[in-house]
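A short write-up of the structure that comes next.
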């Protein structure tokens, strides 16, 4: 049966969307390698892309510049394509501090990290889906350019099974162990299996709502059943299926032995190099550290920092680029680069920073030179992938515009009929008093405000000044963690704050329809956040409200301001003429306030336990409550009392009565 994308939406494309969809689809059909979609804020670019994917019916990868935006895109596309595979691929670390050495202070910093098992499982689901299904969309962060296992090796570990298959139980269990599954007789977690009589129950290492039970009759598979992990109720059956590996880093014994031999050879050469340069400390250091790693590899098949030997494990030549998510994409895939004006510079910068850190480790004997091949893609390596690419932004960068020779697909009309905000220019003299007067008007109308300063100090001082004036104010800067920033912006939407002050509020990626006024202090100053693209992005923040307004505080009109204002007037003219022609009355976007986003998954602070859920319904979900109680009990038994208390407090908060 052909796997087709089926888009579910009560709305049809409107405004500029039909023309944009047609232009992009035609461009792909015409073999255009690069296209740019210039869509204003709130014009429904995600819906346009969803329609393009549905019409092309080709596997698609959407890359976003941060986990927050990636999570939003994932949620939106999952709702639009409930019958297809929509997957999520971001870093699986909740916390990560890389290994480093600082020569000036002779300080070695060991790698410390905390893995998120749910995100790890979601990554595996993404590469599994790309391997077997054409109707797959993957939403990824910059993690897409970091190393993954060799796709050839990974797919060799796929284990197809079917009813009637001749295989004895011992061979079946051995095969499960070879693809990374561990036996657990007590309680199954991801990547584990248990055997009871003639039945083998498997908890997949990837995202799955069910466990898999294989029933044997002698040396034959008699039945393959999908069962609920808790109740053990049968959810379905299969005549055949593919068991995917429990982890992406499943390594066979012969590969490990070959890897160890090659590492020993490089180690010998490196020791000789250090000795010939009279660096005896470095020679001894690299010898001790590497041999310790090799002992672990031989005994356990794993060592801390195993990624530094990925070149050997993957079978790559020195200097060969790493395997990444792109190597799992089918040949007819399409790549969408969201917020390309931010994503492209991010892709440019990742390799150099990584290499600079590792060079010190290699130079001072903490790592072998082959560790330099454990790296993200260089930008030119990313650019060499010949998949058609669509760059999406309200302010495309020079790179993507050069690739298309300035040709763009535009989307200026919003389905809501909203116009770009009015821009006013006020004097910088007495700008604080002027802002205070406007804030009083805003509060009277129960509308929200953003204020953009040029320094952290100014943001903090202005916020404190407003608080002294009894205005509910908060400030944001880059020392705040992502979920802290999102909590403040959620508070702004809910009315906990009347105004939020910050320097760069563009990277949040969160819609704020309640914001009808944006005040830009020192708009005529020079710098990154007052260039033309940044000013256009700032103006767009007030474009979700039917009487949005932006005030530039300036004593002169800079070229960036002039270009922004001209762009604003041009768009407003197109939008107002369209509204007049079609009798459309602009209307503020009404958007529900979603739970805060932490670690890239829509959830409350307890996301590490219960993943992405409609929290308002959780109290009535018996299966979910049972899972939480069970998890709480497990954590308590493992003496992880703080985490157990978190779950207990959450359950009490949503009204669940717990037995003592």
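Every residue gets a Cβ built from N, Cα and C, even glycine.
Listed in Swiss-Prot:
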BINDING   39, 40, 41, 42, 43, 44, 45, 46  ATP binding site
DOMAIN    26-196  domain 'Helicase ATP-binding'
DOMAIN    431-593  domain 'Helicase C-terminal'
DOMAIN    622-657  domain 'UVR'
MOTIF     92-115  motif 'Beta-hairpin'
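Positions of Swiss-Prot features highlighted on the structure.
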{"residue": "39", "record": "ATP binding site", "contacts (Cβ under 8 Å, 6+ apart)": "16, 20, 45, 48, 392, 393, 394, 410, 411, 412"}
{"residue": "40", "record": "ATP binding site", "contacts (Cβ under 8 Å, 6+ apart)": "394, 411, 412, 414, 420, 540, 543, 571"}
{"residue": "41", "record": "ATP binding site", "contacts (Cβ under 8 Å, 6+ apart)": "394, 537, 540, 541, 543, 544"}
{"residue": "42", "record": "ATP binding site", "contacts (Cβ under 8 Å, 6+ apart)": "414, 416, 418, 511, 540, 543, 544, 589"}
{"residue": "43", "record": "ATP binding site", "contacts (Cβ under 8 Å, 6+ apart)": "15, 16, 17, 411, 412, 413, 414, 415"}
{"residue": "44", "record": "ATP binding site", "contacts (Cβ under 8 Å, 6+ apart)": "15, 17, 411, 414, 415"}
{"residue": "46", "record": "ATP binding site", "contacts (Cβ under 8 Å, 6+ apart)": "73, 76, 77"}
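Counting residues 6+ beyond its ends, the motif 'Beta-hairpin' (92-115) has Cβ neighbours under 8 Å at 123, 304-305, 357, 360-361, 364, 366-367, 599, 608 in the same chain. Under DSSP, residue 46 (ATP binding site) is assigned to a helix (H, G or I) in the three-state scheme. For residue 45 (ATP binding site), the Cβ neighbour count at a 10 Å cut-off comes to 22, with all displayed protein chains included. Assigned with DSSP, the residues of the motif 'Beta-hairpin' (92-115) fall into helix, strand and coil as follows: 3 helix, 15 strand, 6 coil.
Apart from 39, 40, 41, 42, 43, 44, 45, 46, the residues listed for ATP, the same chain places the Cβ atoms of 48, 394, 411, 414 within 8 Å of the centroid of those Cβ atoms. As a whole-number mean, the pLDDT of the domain 'Helicase ATP-binding' (26-196) in this prediction is 92. A strand conformation is recorded for residue 39 (ATP binding site) in the three-state DSSP classification.
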